[in-house]
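Listed in Swiss-Prot for this protein:
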{"type": "BINDING", "residues": "70, 72, 85, 88", "note": "Zn(2+) 1 binding site"}
{"type": "BINDING", "residues": "460, 462, 464", "note": "Mg(2+) binding site"}
{"type": "BINDING", "residues": "819, 893, 900, 903", "note": "Zn(2+) 2 binding site"}
{"type": "COMPBIAS", "residues": "1400-1414", "note": "compositional bias 'Low complexity'"}
{"type": "REGION", "residues": "1391-1414", "note": "region 'Disordered'"}
């Protein structure tokens, strides 16, 4: 019977396609889609519920309501398939054709498509070269447009009001034609000759010089060329026929109580049909023009609402006063077609439940409740029951399963064996959020999860839920097992660290077991082996922490690598260790020495241990080891019985004295402030500093007391050992809590921040053990509340950032092994403030060297170019003291659509070179986005305690060596003989004997140098000191002070401190100055020599002038004698706000969005010499004269700080005016490498502040995508337009073609796009439309007649194909190869056949002409 039924099934052919094209539909095309015209607004008959004929649900047009049954019931059953009933006109076929058959409405008057009218920039306006307002006035019948001026002086496309029109008609009669409404616009569009227009525009573009015109012409040219290329006629933007959506896609559902629920589209269509029919009738009746015109306008508005309600005028509303949901609303936004249905589908064979911990599971297992498994694996069970003959039909099998008979449970066990399931925890922030496990059947209703995978899922057991998905096909099961099994994903793709690191109780247990105690029971005993130790421990002869000597057998790598030799050989050594460590040595994998365990295991150590195991012993051994570590950790933690009590929080006895001293200091500052020696701001800064330091000191005293305890050793001597205090052990091991939190429990809570980030100067001197008083508690609530509010707000921001990142990188896949480029970037250790923030080894690990790595001492090549630098290589490089290595980077990869494996380097989640097909773009986006949400959630952990680093006020050397100053360092010697720095960008370096840089420190303007160039110093020597709370203005010349424009009440204000009564002069902000004249002047100082002449800058005719910035406190008086290096004014630095990640997320977003910062610093456009020109009103003029003698001027606001002085040589791209850097300038002036370094370092700074590790290459991948487009500067012979932005790969392809044809290629500039803009300007319109601004993207694509080659992942998910990554990439490659080989074979056969029949091989279309026939 089944075979019989299959006979009648319609053959459904799966379409294989490689691209999707979008365009405008011509009226004929729309009619060809349609199955009939919808003439009536009726939907269904309210009594019979049958659709009305010719109405919106008409069965004749759209197909039958029931399968194989016509409406009147004359033809039923399959045998009449394809018959059209003569009575009701319905074709007998499947009812589901009502989902695909369209209808149409013939409009009585043409109507403009609102997308092409109102979606900015207006496409109609561009094609017609008219303004949007004018076109709108014509379309909505408020004005006439001239179509054919004839012999009159009128111009085509001229707009006239009705009055004008009647006057002109009286004047010229019917010599000209003007129209209103869409008919007029359609006529104009028809009249356009595109080819002619394109030619004229191209010539105009070449001849015009005005920027505005070039821009305008280029835009119009682009649109017209698009029409020309795609073969779309402009008049199709005006609709004559309106397609009607199939009825099943806009259903009408009867509710109980005789009411109906309907899709808004039906309402919108009804309005269109009603107005259209009324208009038809009015036209037949030859109604007065004004009535017809009104009806046409109403029709236009009805169609507008149907296509995009609310885009123009007020949105049409339904009965409930809500705007109706139009066709455009159906596809855009989070709930639209793209994001709701195409990118996010719900799937079958899935379930969800609460998770509980499963400590007995192996890493690759999960506990699945029996009832869930029964439901999830139903089809498999049915199949087995039939095969085994327990049930004969599916129905019988169903009954068996429902009754849950014994045989069903046996079958379930069998079905589940070796059939992995996938577990997912929302939010899935990176690829480890979904992993595959082998299910183990358990009782109860909760899923059991292995404790070690919790870190990857970010799961805890406080009520989290997880979803289970069953991979059905064999391929899916295979992929789940090989690629997604939890035991195959032990490294984080973000940084290559192990993800299966124990936490909390496991760490505590291992730490407790590996600690050592002085004079423990059985100390000093010797044992012949581990089994003896265990026996002694079980008989309570020794304690876990006792120091003992044990003979331990290690399995080490065999030196003998000949065939048949075992990989590991035993090695026996005697170790001084502790009982706990000896017991743990049992689980050590082969190939690891005991020394890795012979120390207290803290969380970091355990992570390092697992990492070492992975690198040395491979994946399998590591997974087994991690599992055993976990088992031991839990067991030992239970044995340890660590708990907390109030007495564990030891408050240091010195606390009172420390706090008392601080209070005295604060009082002293108050006194100084009262007597006017310091400003309010300085006092505040100092008070905050004192309390910060006090908080630190109390914390330190507390930690000292907590971390050690007095003991008596074996010889009866008093000594101190590391404490066994429970709280200390928890924090020290990294199990829970931190020093900061303990400080709040037992030290002092310290300073708190207000919600705006400023610090409250009264600290909380109490701690939680002593308890807070009401005021202290109240101050604390600020931080806690802010934390919660931040969390709520920022989770959304972080998710949005991830979404943008994924969107910009989703089409970046590794597609080949090596692109063969010789470009790369130079990597150095990252040094900040003299500290190595990131060592060179960490930056180059897993990269491919692009140049030979050479030993600096012997000049021999250590690693050839093209080597993948692994752990051994980077250790060797570090040992040799090489401080710079050039490596490949995704930025310079020359693969056209994607990346090559060599430029990407190691796949961090697998630990080997990346495979072809890896979706590295998405991995990069996830790696950057995932911690984003953690950053957001990490604000309130410290409970808002203001952790403010006391500001740096000096630099000291970290290593021995020789002091070297950079070329930019300049200093003068003052009257006291001190060296005062007067350069803005000077740096001091410490070099070793080989001249290799060991550290580098920025020395700020105004610092006092304590060591000079070339001095040999020891580590710890101070190099320079400065006042951290003010920025000085220093004179480089001596003389008598002469003020200019320093007028009280005009440019400066006398600030009399209301407390102290002392006065200082402060430069007033420009915005607050009264008169216009005073806004343009700048208070400054000139110096006079002994004769009263102005002091000149040596070698020039310019007088020395030193300007005061806004906010400067002037410390000298007019007529005062000053010496070289003396301070003229001080600028107080702002009170620092606490650094919270609040700055973090937005900072990352603004870097990736490539926003220009406000008040950006100015970079030198050229290399040359600086000089100052004549100042204008509010600006100073800086001139750079380049090497050819050309002058480049910069106008700089007076309050800005210029970093260069007269006659200084600057290099192109050097910062000349202080301020945050603009990434666009960096790209333009310093190039791609500098830009990438800037973005990578800035993003890393934010994450490093939070202690988050992300590999640089992820950020580089994103920067590559931001540089995806180029701007054409000279189009050569290509099809591009100058100034146009095009995809880099398109441009390279086009240039290759030009070179092949011996034509001129185009030249271009790099352009940096923000991630949102880059996503929207991608080649794939499907991907862009599903991201943001759907309407705009689709409008543009339709006009261009764009073709989407389905290169990215997103497009393929949307059209439902396998994604071109991983196994999907291989599938598509194989498919394409087969297609091309089939084509070749086909051509070959065709050629052979033609040859066999003896037909002439000439093409048949053109008959061969004999010369004689002419």
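The backbone N, Cα and C atoms fix where each Cβ goes, glycine too.
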Legend entry - Protein Cβ atoms within 10 Å of residue 460 (Mg(2+) binding site), excluding its own: 12
Legend entry - Same-chain residues at least 6 apart in sequence whose Cβ lies under 8 Å from residue 88 (Zn(2+) 1 binding site): 53, 59, 60, 70, 71, 72, 74
Inset, instruction - Pick the one among the binding-site residues 462, 464 whose Cβ has the fewest other Cβ atoms within 10 Å in this structure. - result: 462
Inset, instruction - Output the one of 70, 819, 893, 903 that, of all these binding-site residues, has the highest number of other Cβ atoms within 10 Å of its Cβ. - result: 903
Legend entry - Cβ neighbours of residue 72 (Zn(2+) 1 binding site) where a neighbour is any other Cβ within 10 Å: 14
Legend entry - All-chain count of other Cβ atoms within 10 Å of residue 85 (Zn(2+) 1 binding site): 20
Inset, instruction - Starting from the Zn(2+) 2 site formed by 819, 893, 900, 903, give every other residue of that chain whose CB sits within 8 Å of the mean position of their CB atoms, in sequence order. - result: 816, 818, 821, 888, 890, 892, 894, 895, 899, 901, 902, 904
Legend entry - Cα-to-Cα gap, residue 900 (Zn(2+) 2 binding site) vs residue 460 (Mg(2+) binding site), nearest whole Å: 38
Inset, instruction - Sort residue 903 (Zn(2+) 2 binding site) into helix, strand or coil using the DSSP assignment. - result: helix
Inset, instruction - Can you figure out which of 85, 819, 893, 903 (the binding-site residues) comes closest in space to residue 464 (Mg(2+) binding site), comparing Cα atoms? - result: 903
Inset, instruction - Give the distance between the Cα atoms of residue 903 (Zn(2+) 2 binding site) and residue 462 (Mg(2+) binding site), rounded to the nearest whole Å. - result: 43
Legend entry - Environment of 70, 72, 85, 88, the listed Zn(2+) 1 site - residues of the same chain whose CB lies within 8 A of the CB centroid: 59, 71, 73, 74, 75, 86, 87, 89, 90
Inset, instruction - Out of the binding-site residues 85, 460, 462, give me the one sitting nearest to residue 819 (Zn(2+) 2 binding site) by CA distance. - result: 460
Legend entry - Neighbour tally for residue 900 (Zn(2+) 2 binding site), based on other Cβ positions within 10 Å of its Cβ: 22
Legend entry - Residues flanking the Mg(2+) site, with Cβ no more than 8 Å from the Cβ centroid of 460, 462, 464 and excluding those residues themselves: 355, 459, 461, 463
Inset, instruction - Whole-number Å only: compute the distance from the Cα of residue 893 (Zn(2+) 2 binding site) to the Cα of residue 462 (Mg(2+) binding site). - result: 46
Legend entry - Cα distance (Å, whole number) from residue 85 (Zn(2+) 1 binding site) to residue 462 (Mg(2+) binding site): 64
